[in-house]
Amino acid sequence: MITHFLKLEWKQYFRSSYWQKGIALKIIMGFFVLYLIAVFLGIGIGGYFILKKTFPEQDPLQIVNSMLIFAILGDLIFRYLMQKLPVMNIKPLLILPIKKDKLVHYVLGKSAFSGFNFLSLFFYIPFAIVLISQGYNVAGVLGWLFAMVFIIQAVNFLNFLINKDNRVFAFIATLLVSLIALQKFTSFDASIYSQQVFDGIVANPILGLVPFATAIVLYYVNYKQLRDRVYLDDVVAVKVEEANTADLSWTERLGDVAPFIKNDIRLIWRNKRTKTVFLMSFLFLFYGLVFFTQETYQKMPAMLMFASLFVTGGFALNYGQFIPAWDSAHYKMLMSQSFRYRKFLESKWFLMVAMTSVLYFMSIPYLYFGTKIFLMITCGAIFNIGFNSLFLLYAGSFNRKRIDLTKGGFGNTQGTSATQFLIIIPLMLFPMAIYWVFDKFIGYNSGFIAVALVGVIGMVFKNYFMNLIEKKYIKDKYAMINAFGKEA
Amino acid sequence: MITINTVSKKYGQAEVLNVEKIEIPRGQSFGLVGNNGAGKTTLFNILLDLIRPTTGEITNNNVVVNKSEEWKSFTGSFIDESFLIGYLTPEEYFDFIGDLRGMNKADVTSFLAQFDEFFNGEILGKKKYLRDLSKGNQKKAGIIAAMMGNPQVVILDEPFANLDPTTQIRLKKIIKTLTDNKEVTVLVSSHDLSHVTEVCERIVVLEKGNVVKDINTSQETLKELESYFAA
């Protein structure tokens, strides 16, 4: 039986849309994963020495131990937001002659191997190896590592128990925040207790069995709870959300693009992934803080330009790069309706421009960093509105990947192809290059003027470019219908 | 109204459709039957300019469908659920289609009022998104949307599948009313021989992309079709 399950897993993994991508994308994604692993390994291996150097009079292991309480609570919060028990996977198995016990064990057992549980091990394991090589007590370190592995598992199963109960979540979040606040502002220091507990495990490795036992108990509680609820009207139920219909009649003023704008607003608000894109664009607003506050970047104005583009461009970039794939599920229907393609494109353009303008107004507090920075953001906004919005529409005509809006939000790469990587060049590097060239060889303000000028040219000749873009979409219509029709 | 002229579609070496000539006069109710893979949906997709024919062309009211888009303003269609916008409520979807077909809110409301019986209280005012409706109810919404804006041609692919018996009977009535005054041309494909013989005055049978029968419906048609498919 277990081999059947493993085979299913294998197929699910390798037949997922993730692998159906072009070779170029696979290579890029591969490098990205390698990079992430390398970073964690680097921290794991180098962490000991970095801590040793920064705090010469303290024991690096004790420093780590004192922080673990926060790491564990943080992990729990992160999982609460991101991780869900993939219970729907067993729906097709329910009617087959397999005992329900087995199905539940399968779902829970599978979750023990989820990616959430592995990421931090890339830190703990190399860190433990370095500790041993540095002459720490081998049994103590192994006991500690053993404890860490099962704390991760315990957190994994605890998360499923509190799954989606907002009260518990609020409690944990408050706990974490107040612990940090207490440590900052009062003499109460949770890290001391954290350190004592985990130092204790290093001293008495046998205590590592406590997390192990906890994980087992939590697994069993999960099992008990799920076992009786594997029914289509219970945990395996498809959740139906109630429609919320906001009045969007104000869009009527926008004329004949109104039906599409209304649709796009609903599209964004009613689907997880688009909602994430929308909310993320406000996070991008803070992107400038990373760059403008750092001394090193002050001497690299091209990098500041890069940041300025992101401040107002979050929405246009993230939403625009998948036009028209957002509409891929009903693209056929759109193509059999009588309207000018131009209206459809105009509505997307309007949305990007409107959101960029809103973000621009929200970026006014950046004046705090001086008028130069704000001027840069202004130029970035003009560039985003004039050039990037049109360019993204054009680039969109190369999109050939279906996006299934019902699939999850964060970290969903569906619809991504090499197009998304290639368009970054003109979108980001082009303005940076212009800025750099003019700034370097002509003088300070010419860089701003050049970047803004490109944007203004885009705005002035918008109709001309729109005509070209419309033609391109009409030409590629059949290829898009065909590609969007394929299940992702 | 519609002329299908030596239309064929090939994918590589495989020919999925090869139709010599079909002439569909205005106001005819035209039925298309055939087993899976016979080319019914392919033919409809070419008619809607969603895929391109390898050879030949289709004209819809003197408009060559892949040359001009004029046909869109008088053609309503429902092929499958991908013609719905999942994240809209049925009301919003009808408004959207109505907008594109030049109907205002009041037009849409009075248009939908005719179909109260057909909707059977399961479509409107349910506070549900289309993606959360059952297959049958999704189909109801799609079929009615295809009839919005007084189209002269209505194309329905497998309209009876997934509908409950009562709704099937009501749909037959709707299609018959639609073609009553010989103004609206209706094209229907179906796997259900008795339904299609009941609503269509002409039936074309496709097999592996070829027209094998072209019948003016009569008393004997159902028998004839049944014996054909039994063989």
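Note: Cβ is positioned from N, Cα and C throughout, glycine not excepted.
These come from TrEMBL:
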- A:23-51: transmembrane segment (TRANSMEM)
- A:63-82: transmembrane segment (TRANSMEM)
- A:103-132: transmembrane segment (TRANSMEM)
- A:138-161: transmembrane segment (TRANSMEM)
- A:168-186: transmembrane segment (TRANSMEM)
- A:201-221: transmembrane segment (TRANSMEM)
- A:276-292: transmembrane segment (TRANSMEM)
- A:304-326: transmembrane segment (TRANSMEM)
- A:347-367: transmembrane segment (TRANSMEM)
- A:373-396: transmembrane segment (TRANSMEM)
- A:417-438: transmembrane segment (TRANSMEM)
- A:444-465: transmembrane segment (TRANSMEM)
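For the transmembrane segment (A:103-132), same-chain residues at least 6 beyond its ends with a Cβ under 8 Å from one of its own Cβ atoms are 5, 9, 37, 40-41, 43-45, 47-49, 61, 64, 71, 75, 78-79, 82-83, 85-87, 89-90, 93-94, 138, 141-142, 144-145, 148-149, 152-153, 156-157, 160, 219, 222-223, 226-227, 230. In this chain, the transmembrane segment (A:373-396) lies in contact with the transmembrane segment (A:444-465); the count of Cβ pairs under 8 Å, excluding pairs fewer than 6 apart in sequence, is at least 3.
For the transmembrane segment (A:304-326), the list of distant contacts is 264, 267-268, 274, 277-278, 280-285, 287-288, 290-292, 297-298, 344, 348, 351-353, 355-356, 359-360, 363, 366, 373, 376-377, 379-381, 383-384, 388-389, 392-393, 395-396, 399, 401-403, 405, 415, 419-420, 423, 427-428, 431-432, 435-436, 447, 451, 473, 480, 484: same-chain residues at least six beyond its ends, Cβ to Cβ under 8 Å. Residues 58, 60, 63-64, 119, 122-127, 129-131, 134, 413, 416-418, 421 of the same chain, all 6+ positions outside the transmembrane segment (A:23-51), place their C-beta atoms under 8 angstroms from a C-beta of that stretch. Most Cβ pairs under 8 A with the transmembrane segment (A:138-161) among the ranges A:63-82, A:168-186, A:276-292, A:417-438 are made by A:63-82. When Cβ-Cβ distances below 8 Å are used as the criterion, the transmembrane segment (A:168-186) is approached by residues 69-70, 73-74, 76-77, 80, 162 of the same chain, each at least six residues removed from its ends. Within the chain carrying the transmembrane segment (A:276-292), a Cβ under 8 angstroms from the stretch's Cβ atoms is held by residues 268-269, 303-304, 306-308, 310-315, 318-319, 355, 359, 362-363, 366, 369, 373, 377, 409-410, all 6 or more beyond its ends.
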